[in-house]
Amino acid sequence: MKYFSNTHSNLKTKRPSAPPLSLSQQQHHHHHRRHHNQLRLLISKIKTIKMNNFEYKLKLLKSSVKGLEMLYGSMMKYNATQDCLLLNQFIIACGNARKMDLAVFAYTQLDNPNIYIYNAIIGAFIRCFQPVQSIRFYMKMLRDQVRPTSFTFPPIVKGCGYLGALVLGEAVHGHIWRHGFVSNMFVQTALVDFYSSLGKIDISREVFDSMPIRDMFAWTTLVSAYIQSGDLGTALEFFDQMTEKNAASWNTMIHGYAKIGDVESAKCLFQRMPEKDLISWTTMINCYSQNQRYSEALEIFTEMKDKGIKPDVVTMTTIISACAHLGVADQGKEMHLYLMQEGFEIDVYIGSALVDMYAKCGILNRSLVVFYKLQEKNLFCWNSVIESLAAHGYAKEALEMFRGMQKEKISPNSVTFVSVLSACTHAGFVDQGRTIFQNMSREFSISPAIEHYGCMVDLLCKAGLLQEALELITSMPMRSNSIIWGALLGGCKLHKNLHIAQVAVDNLMLLEQKKSGHHMLLVNMYAEANRWSDVSKLRAKMKKVGVQKTCPGSSWIEH
């Protein structure tokens, strides 16, 4: 159906980047995924219903994209596009389906949108992580002199938090006072979350203390606020004060302990939970994974399945990542098989995790098979393949993949460039390496970090361009480390350049005075060149500064 027109062009704006998925958003994520899993079933049911039974069809549709388009077409046919009650539910469904262009089109066809329509479209834009659009509709609502309700403000306040817009949020807080909703529990809870997200924990506490009624969600929001501010002690105090706790409350506290690396406290809380939901298990799996306890993550995943809890996309993505870090190919393959048996859609999140898992386990062919089957590929996915190709010596293929990534309009990040420069190093592509290194800042506005300089030094040293490598090191905007000077020394050993080797060792002595490895390399280089006086001088210098031999059983060459 052709509904794309310029009727809502005045409302368009650049979509901000979606904030990272936090614990408080996981429940929404699970809910959204369930809608998509039912998409085909819903559409097939829609076709069997009479065309004029809009309400039943809308209930059935949920977040069906094609079904929503078909439904709106039938609404136009039967002149039902002015039914605000129906349009309210329709816009909510569009938000669930991430089909906000259709929602806006339906809005523009309304002669007199009421507050329920505005509330629906404002909330839908927030669920789609488009806060600017949400605020635009709020401002338009005020211009149209439509009076807000208590349901208007929580999503608007959340949108201000997404944007980090303190002044705007304070202005909305003023509107809340003016319209008499300052004592509304849901509005106040949104304000607690808003101020804490911007680091204003004292104001969050003031709002919380002023609440005449507090439900579990309000308490959990304050606990989360203190966790975000790094004050886990106060968070625990409020958690203990809660007379009633639901799974979300426990999950929030477990997440807080995971965040600071206190796995044992998180585990203790998890074991104390009276009832655990899917998010509880996923949070604990994340806790183990975030703290590099991947084997325990796999163990608790098995326990979760044994208790009849079915994992979702978030859980599976995390556990596949744990397999990747452990390098356990067999268990990784089992997870892939489980996904197929349980009918999981291999979307960008699971697909990227599988690509990375197979790559880290050294099964490059399977990694590429999954990669090429993915309809949508994110930056992490591209980086995993490029890194894997480079590590396995397929430098040309890695560079081709890098070019393909740019053709797909995926902007590389600093991780991408480490892999690409490493590929150039493995293959000895000096000119290409230079160009890519220069283009980091010129084309992509990425300032090279010490890892990128290290790759370039390694590339130049292997090619015998030791003077250029030395000049690059001395031009670095940051202080070079022992790894970079060690790479230069290794290049000098390979190409028998004693002069620059001495410079490298002098700098290494400033960084690692007591270590003998680099000094011994130079001693051996002098010995191979029959420069025995230099051997003696260096030995004396090492003894003077107290350099210790790392291999007690070895002997120094003497003359």
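Backbone N, Cα and C atoms are what each Cβ position is placed from, and that goes for glycine too.
Please treat TrEMBL annotations as automatic predictions, because they have not gone through curation.
The compositional bias 'Polar residues' annotation in TrEMBL covers 1-10. Sequence annotations record features per position, and here TrEMBL assigns compositional bias 'Basic residues' to 27-37. Annotated region 'Disordered' per TrEMBL: 1-37, in sequence order. Residues annotated as repeat 'PPR' in TrEMBL: 114-148, 215-245, 246-276, 277-311, 378-412.
Residues 23, 26-27, 30, 247-248, 250-251, 254-255, 257-259, 261, 263, 266-267, 270, 318-319, 321-323, 325-326, 328, 331, 342 of the same chain lie 6 or more positions beyond the ends of the repeat 'PPR' (277-311) yet place their CB under 8 Å from a CB of it. Secondary structure of the repeat 'PPR' (378-412), assigned with DSSP and counted as helix (H, G, I), strand (E, B) and coil, comes to 26 helix, 0 strand, 9 coil. Averaged across the repeat 'PPR' (215-245), the predicted model reaches a pLDDT of 88. Taken residue by residue, the repeat 'PPR' (277-311) breaks down under DSSP into 26 helix, 0 strand, 9 coil. Broken down with DSSP, the repeat 'PPR' (114-148) shows 26 helix, 0 strand, 9 coil.
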